[in-house]
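Notes to accompany the following structure.
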Amino acid sequence: MSATPLLELRGIDKSFGPVQVLRDVALTVHPGEVTALVGDNGAGKSTLVKCISGIHPTDDGEFLFNGEPVHIGSPRDAATLGIEVVYQDLALCDNLDIVQNMFLGRERRSGIVLDEPTMEQLAAETLAGLSIRTVTSLRQHVSSLSGGQRQTVAIAKAVLWNSKLVILDEPTAALGVAQTAQVLELVRRLADNGLAVVLISHNMNDVFAVSDRIAALYLGQMVAQVKTTDITHAQVVELITAGRSGGLGLATDPGSNGDGPQAADSISGGVR
Amino acid sequence: MTTTAVRKDGPAAVTPTPTVGGHVRNYLSRVRGGDVGALPAVLGLIVLCTVFAIMRPSSFLSAGNFANLFTQGAAVTLIAMGLVFVLLLGEIDLSAGFASGVCAAVLANVVTVLGYPWWVAVLAAVATGVVIGTTLGMLVAKIGIPSFVVTLAGFLAFQGVVLLLVKDGTNISVRDDVLVAIANRNLAPALGWVLTALAVVGYAAVQLLRHRNRAARGLITDPLAVVALRIGGLAVILGTAVYVLNLERSRNVLIVSLKGVPIVVPIIAVLLVVWTFVLQRTSYGRHIYAVGGNREAARRAGIGVDRIRISVFVICSSMAAIGGIVAASRANSVDPNTGGSNVLLYAVGAAVIGGTSLFGGKGRVFDAVLGGAVVAVIENGMGLMGYTAGVKYVVTGVVLLLAASVDALSRRRAAATGTR
């Protein structure tokens, strides 16, 4: 593992009106690692991701990027830092081909004319760099791709921009067995290439197959962030459903613990 | 990492050596997969022309009639070219017909009633189109009224505006030489050949440069034979058309000589090239396709969706204005029915017959020209065969229905062959 985390969140609070969605959430994400973000429906996973990607402003808390405090006020700020999000509902245009989709909104031009050859070359290089060999032609329309191939294109699109942190929102939710394996392999490869990856997933098999660390949210609180090797399937499920498991997670006695989860392999204290 | 899952979906992306046979096979498999493109319109055009040529060989195949086809179909084609942009977003502009009428009425008022020179009138007409388009686009994009309703209201209101502008039913004649020439005069035969040569050379240069550029970077290219075939095909089609149009088509040469390419043809050709360039080669055009294909994806990609939606209505109404100018020129006047009756329906029909999808995201400006040709041939051929307006409308309606069915069926086919 690396010394400084790429992204560190401290004490993030977020409310929508009277509803407090995130409470004093802390999260550390390291380059070259896959951090799985797990939690039940409504635990605040999506909100947390939207805060990181600049869609929602946070009410309170600190963002540290590469150890430097930063302010992420808009999706553009996040993109400038190198944070890319691959959403569940893919955000690809069916009627455009792979290259056109990968460069959508950030087309390369020479003068006012689109520079297609350059874009095609860069797209091919990116796909090759990720060892993606599943697409036969870069000029294929996305409508003719399988679910796994689409997810692959969406991920490759996120990587194209020298991104440092890629957040994947349930990338395997709609895929079959073979395609899931293919996408997970790609997720692993992103981390092996030195990127920091945050993977949101409901599927414990996926989480254990690919992640280095697991961060569990329970009702808007980060109840644990531990190494995947230090925790079992059953413990994660308990963290997700009850907020604690044995010595992990929320303390039985409210108010008897420190402030938030710690990184690394120590067992973290609960929150409040 | 294992690669078992990876190998499943197909072979590694080896760069195949381009061959003509492979190119043809590729095209055929695309057609079978539901990407029929302009094929139905081209086939339809060939069938219609064959039928009319057999039924009325002397009149339909005459050079005079060939020239007529262009002037008859010009206004509808120009309006259809603008409509393609709106249809690409899955929207509709029902007011384009009467918008062209309003712009034509503005033109006639400025040039005839107020007595300004022709270019002031043309600018005023196009400016009117821009204002109409901006208003429609704002109502659709900013207020969020469905385009069907906004433009239906426009359809009714503009009909009234035309009536008001031509003072309740009188018609305003357009006598300015330049304006009349647009739809009624021809280029000198030599100029026709020069422009044809320029067009072919320009097309060849663009195609060959692109081929060389892609080949130099090691990207997959179309085989050189296919590129040559395209250039040759264009040269043959343009050459034949210009040759026929340069034949003498006056009934009595002693009174007046009538030959050359009608002036509307280069006007349509230039607009076709300009708008095709905008759609295919600029990021603005790319964004139009993106918004038409998946608006949310476009928004997340940082594209100003509202701006795009407004702009297509501006383009559509401006093209309607140009269509209106051509219509006014052809009739030498503007009356309350300019741009009325079947103009809009023919224009929408032309775009759809040419292969533009009503569901958005698919279509080219060339579709409008192709579809406009089909509509003009039906109108012209059926007229020559002595059918009444009633029969013509029925046949045009059936052809439009056929085109829309091809669109819907090919979408189903595409959805079935794609592994979604």
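Yeah, the Cβs are placed from backbone N, Cα and C, and that goes for glycine too.
TrEMBL: automatically predicted annotations, no manual curation.
The transmembrane segment feature in TrEMBL is assigned to B:36-55 (among others).
Sequence annotations record features per position, and here TrEMBL assigns transmembrane segment to B:67-89 (among others).
Beyond its flanks by at least six residues, the transmembrane segment (B:96-116) meets 75, 79, 82-83, 122, 124-126, 128-129, 132-133, 151, 154-155, 158-159, 161-162, 165-166, 172-176, 179, 316-317, 320-321, 323-325, 327-328, 333-334, 336-340, 343-345, 347 of its own chain at Cβ-Cβ distances under 8 Å. Among the features that TrEMBL reports, transmembrane segment is placed at B:96-116 (among others).
Annotated transmembrane segment per TrEMBL: B:122-141 (among others), in sequence order.
Look at TrEMBL and you will find B:148-166 (among others) tagged as transmembrane segment.
The transmembrane segment feature in TrEMBL is assigned to B:186-206 (among others). Sequence-remote contacts of a segment are chain residues at least 6 beyond its ends whose Cβ falls under 8 Å from one of its Cβ atoms, and for the transmembrane segment (B:186-206) they are 67, 231, 234-235, 238-239, 242, 245-246, 258-263, 266, 269.
Per TrEMBL, the feature transmembrane segment maps to B:227-247 (among others).
Sequence-remote contacts of a segment are chain residues at least 6 beyond its ends whose Cβ falls under 8 Å from one of its Cβ atoms, and for the transmembrane segment (B:253-278) they are 64, 67, 70-71, 74, 77-78, 81, 84-85, 181-183, 185-189, 191-192, 195, 199, 242, 245-247, 284-285, 315, 319, 322, 326, 364-366, 369. Under the heading transmembrane segment, TrEMBL lists B:253-278 (among others).
Annotated transmembrane segment per TrEMBL: B:310-331 (among others), in sequence order.
Look at TrEMBL and you will find B:343-361 (among others) tagged as transmembrane segment. Within its own chain, the transmembrane segment (B:343-361) is flanked in space by residues 36-41, 44, 75-77, 79-80, 83-84, 87-92, 94-98, 100, 155, 289, 292-293, 323, 327, 367-372, 374-375, 396, 399-400, 403-404, 407, 411, which lie at least six positions past its ends and keep a Cβ under 8 Å from the stretch.
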Check for me, if you would, whether the transmembrane segment (B:148-166) reaches the transmembrane segment (B:122-141) - at least 3 Cβ pairs under 8 Å, residues 6 or more apart in sequence.
yes
In terms of Cβ proximity under 8 Å, which residues at least six beyond the ends of the transmembrane segment (B:310-331) contact it?
71, 74-79, 81-83, 85-86, 88-89, 91, 93, 95-97, 99-104, 107-108, 122, 125-126, 128-130, 132-134, 136-138, 140-142, 147, 174, 179-184, 264, 267, 271, 275, 284, 288, 338-339, 343, 347
